[in-house]
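> According to TrEMBL, the protein has these features:
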- 6-150: domain 'Flavodoxin-like' (DOMAIN)
- 12-17, 59-62, 97-106, Asp132: FMN binding site (BINDING)
- 206-447: domain 'FAD-binding FR-type' (DOMAIN)
- Arg350, Arg382, Ala383, Phe384, Ser385, Gly416, Leu417, Cys418, Ser419, Trp596: FAD binding site (BINDING)
- Thr460, Ser515, Arg516, Lys521, Val522, Tyr523, Val524, Gln525, Asp558: NADP(+) binding site (BINDING)
Amino acid sequence: MPSPGLLVLFGSQTGTAQDVSERLGREARRRRLDCRVQALDSYSVVNLINEPLVIFVCATTGQGDPPDNMKNFWRFIFRKNLPPTSLCQMDFAVLGLGDSSYAKFNFVAKKLHRRLLQLGGRALLPVCLGDDQHELGPDAAVDPWLHDLWGKVLGLYPVPLDLGTIPAGVPLPSKFTLHFLLAAPRVCSEGQRVAGTDPQGPPSEQQPFLAPMVTNQRVTGPSHFQDVRLMEFDITGSGLSFAAGDVVLIQPENTASHTQRFCQVLGLDPDQTFTLLPREPGVPCPARLPQPCSVRHLVSCYLDIASVPRRSFFELLACLSPHELEREKLLHFSSPQGQEELYSYCSRPRRTILEVLCDFPHTAGAIPADYLLDLIPPIRPRAFSIASSLLVHPSRLQILVAVVQYQTRLKEPRRGLCSSWLASLDPGQGPVQVPLWVRPGGLTFPQTPGTPVIMVGPGTGVAPFRAAVQERVAQGQSGNVLFFGCRLRDQDFYWEAEWMELEGRGCLTLFTAFSREQERKVYVQHRLRELGPLVWELLDRQSAYFYLAGNAKCMPADVSEALTSIFQEQGGLSGPDAATYLARLQRTLRFQSETWA
């Protein structure tokens with residue numbers, strides 16, 4: 001019996017779900033199974049009724065939300081009018097990727113699995129729950145699950161014996177071929193490529209707006225351990241529109257020195273140009289790459305050589321290595337037995353793709369250019385909360401950026417690609433343009449006049465609340481209560497003068513927590529508890545909305561705990577009733593949060 005088309009659909013926020021999906025595609029092809037891999041929102045969901053075999057790979061983001069590239073699918077699959085026999089011809093499996101430190105661990109995968117069963121689908125396996133918190137990462141759950149999956153799939157759809165599987169050490173054909181051009185043609189410039197001459201609708205990932213940077217100003221004190229910048233962009237004529245709570249996405253670049261080093265290690269000429277051709281019909285070339293393209297542009301603007309490589313990188317590198325000792329080590333790193341060693345070598349010290357290639361020079365020098373796009377993921381855009389309102393700053397967009405830099409056991413400090421790139425730009429030295437576009441964020445503010453809002457934003461988490469306060473004050477809304485926390489009043493109290501001026505005008509009520517200014521550390525959750533009667537009055541009697549933004553580590557759980565204790569002390573609720581009250585606020589969107597790792 002000929003094998004049916006296996007379809008792998010993914011919802012991915014940071015790239016892990018996409019990487020796992022592409023691994024599934026490779027493993028299917030090695031088993032001679034026809035396989036397509038697609039993002040959920042790029043797949044025409046009405047065709048699902050004709051698919052015999054589908055694997056869904058989906059991450060859970062934020063507070064149990066689906067990733068951006070599966071939100072349209074999510075809305076469709078939960079339509080109430082879908083018949084319960086819609087998917088009765090489909091065999092399916094769901095692989096989830098989440099983080100067990102969050103309350104809604106793998107919520108999206110679990111909910112999707114249940115929904116597919118309701119619509120008549122047959123589950124090949126229980127849902128897989130990959131966990132970022134496991135010391136070996138999601139692979140600890142994914143590896144055994146995939147082993148079982150292939151057993152089920154090949155049991156249902158056996159492959160003819162004479163075909164056999166393609167051994168793991170043999171590389172599969174590359175997705176694209178790079179045709180190098182002898183003469184250097186006129187390559188379309190970055191400006192033409194990104195901005196386009198005929199913009200279709202508002203700026204997007206395919207067609208960002210090249211926004212001139214107006215200011216890039218450090219807002220933390222000179223002795224403060226962290227460099228935080230207020231950056232402002234001119235968006236005149238962009239067609240960009242946004243409200244408080246929305247986010248801006250920025251497409252960063254690799255540094256010139258990293259680009260040069262990469263080309264040296266791989267023996268590439270950065271000035272050579274090429275055209276890109278897909279090996280299989282119907283496979284589109286990456287929209288972000290111009291045709292023709294220079295090697296320099298490919299490496300600096302597209303290949304994420306500063307990211308920490310995933311296991312799939314080592315698998316392909318091992319296939320391509322002509323050097324016996326290096327290949328042996330790469331095979332070990334890509335095997336299930338070598339995962340602890342790979343974690344120590346790569347993930348713990350945050351070693352980058354470029355650094356790994358420098359550690360395996362014989363292999364790096366032998367990588368065929370055709371495999372570059374299979375081996376190295378594209379640079380992903382970074383999201384920042386918009387920190388300004390169009391009502392107050394028309395034609396401007398502001399963000400607050402903490403420049404990421406930290407030390408591991410590696411000699412060179414680890415640097416955040418986007419924050420470091422942005423910090424390096426100096427509009428005072430000449431015009432600087434940054435590719436960006438806007439999308440709705442996780443926070444929406446009430447439109448009903450007179451509704452109070454309580455906002456809790458420690459550190460750079462205060463950024464979306466500055467936009468909200470500006471917007472609400474411009475609309476004549478009072479009842480703006482802000483809890484802000486930082487280390488020291490004179491070092492990292494962002495927008496202090498602005499808050500004080502608004503408080504003086506009666507437009508804002510501000511409560512601060514400076515954690516390092518007394519012996520006992522005081523955080524925003526302590527201030528919330530101290531002001532329990534006010535918080536309860538606003539939430540229970542005045543139907544206020546509650547917002548939380550900032551680091552996802554401990555703060556969200558501590559704030560939730562502070563709230564439930566307020567509900568018990570001020571509202572007289574029992575423990576279970578206080579938890580139910582908080583859950584109801586979340587369900588009705590009167591409690592919203594936006595947190596990041």
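Glycine is treated like the rest: Cβ placed from N, Cα and C.
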> For a quick check of packing: other C-beta atoms within 10 Å of the C-beta of Ala59 (FMN binding site), how many?
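Excluding its own Cβ, Ala59 (FMN binding site) sees 30 Cβ atoms within 10 Å.
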> Could you tell me how many residues in the domain 'Flavodoxin-like' (6-150) are helical, how many are strand and how many are coil under DSSP?
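Taking each residue of the domain 'Flavodoxin-like' (6-150) in turn, the totals are 58 helix, 34 strand, 53 coil.
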> Relative to the Cβ position of Asp99 (FMN binding site), how many further Cβ atoms are located within 10 Å?
19
> If one looks at the chain holding Val524 (NADP(+) binding site), which residues at least 6 apart in sequence have a CB under 8 angstroms from its CB?
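Spatial neighbours, sequence-distant, of Val524 (NADP(+) binding site): Val456, Pro458, Phe483, Phe484, Gly485, Ala513, Met555, Val559.
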> With the NADP(+) site defined by the record as Thr460, Ser515, Arg516, Lys521, Val522, Tyr523, Val524, Gln525, Asp558, how many Å span the farthest pair of C-alpha atoms?
19
> Looking at the binding-site residues Ser385, Ser419, Val522, Asp558, which has the shortest Cα distance to Ala59 (FMN binding site)?
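Comparing Cα positions, the candidate nearest Ala59 (FMN binding site) turns out to be Ser385.
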> For the domain 'FAD-binding FR-type' (206-447), provide the mean pLDDT of the predicted model.
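Mean model confidence (pLDDT) across the domain 'FAD-binding FR-type' (206-447) is 94.
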> How far apart, in angstrom, are the most distant Cα atoms among the FAD-binding residues Arg350, Arg382, Ala383, Phe384, Ser385, Gly416, Leu417, Cys418, Ser419, Trp596?
25
> Have a look at the binding-site residues (Gly15, Gly62) and report the one with the fewest Cβ neighbours inside 10 Å.
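Minimum Cβ neighbour count within 10 Å, taken over the binding-site residues Gly15, Gly62, occurs at Gly15.
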> Sorry to bug you, but what's the C-alpha spacing from Thr460 (NADP(+) binding site) to Leu417 (FAD binding site), rounded to the closest Å?
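With distance taken Cα to Cα, Thr460 (NADP(+) binding site) is 18 Å from Leu417 (FAD binding site).
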> Using Cα-Cα distances with a 10 Å cut-off, which of the binding-site residues Gly62, Asp99, Phe105, Ala383, Ser385, Ser419 are near Thr460 (NADP(+) binding site)?
Ser385
> Fewest other Cβ atoms within 10 Å: which of the binding-site residues Arg350, Arg516 wins that one? Let me know.
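The binding-site residues Arg350, Arg516 were compared, and Arg516 has the fewest Cβ atoms within 10 Å.
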> If you count Cβ atoms within 10 Å of the Cβ of Asp558 (NADP(+) binding site), leaving out that atom itself, what do you get?
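Neighbour count, Cβ to Cβ under the 10 Å cut-off: 15.
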> Among the binding-site residues listed here, Tyr102, Phe105, which has the most company in the form of other Cβ atoms within 10 Å of its Cβ?
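Answer returned by the neighbour count: Tyr102.
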> Can you tell which of the binding-site residues Arg350, Ala383, Ser385, Val522, Asp558 lies nearest to Ser12 (FMN binding site) in space, using Cα positions?
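That would be Ala383, the closest of Arg350, Ala383, Ser385, Val522, Asp558 to Ser12 (FMN binding site).
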> Consider the binding-site residues Ser385, Arg516, Val522, Asp558 and say which one has the Cα lying nearest the Cα of Phe105 (FMN binding site).
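Checked the binding-site residues Ser385, Arg516, Val522, Asp558; minimum Cα distance to Phe105 (FMN binding site) goes to Asp558.
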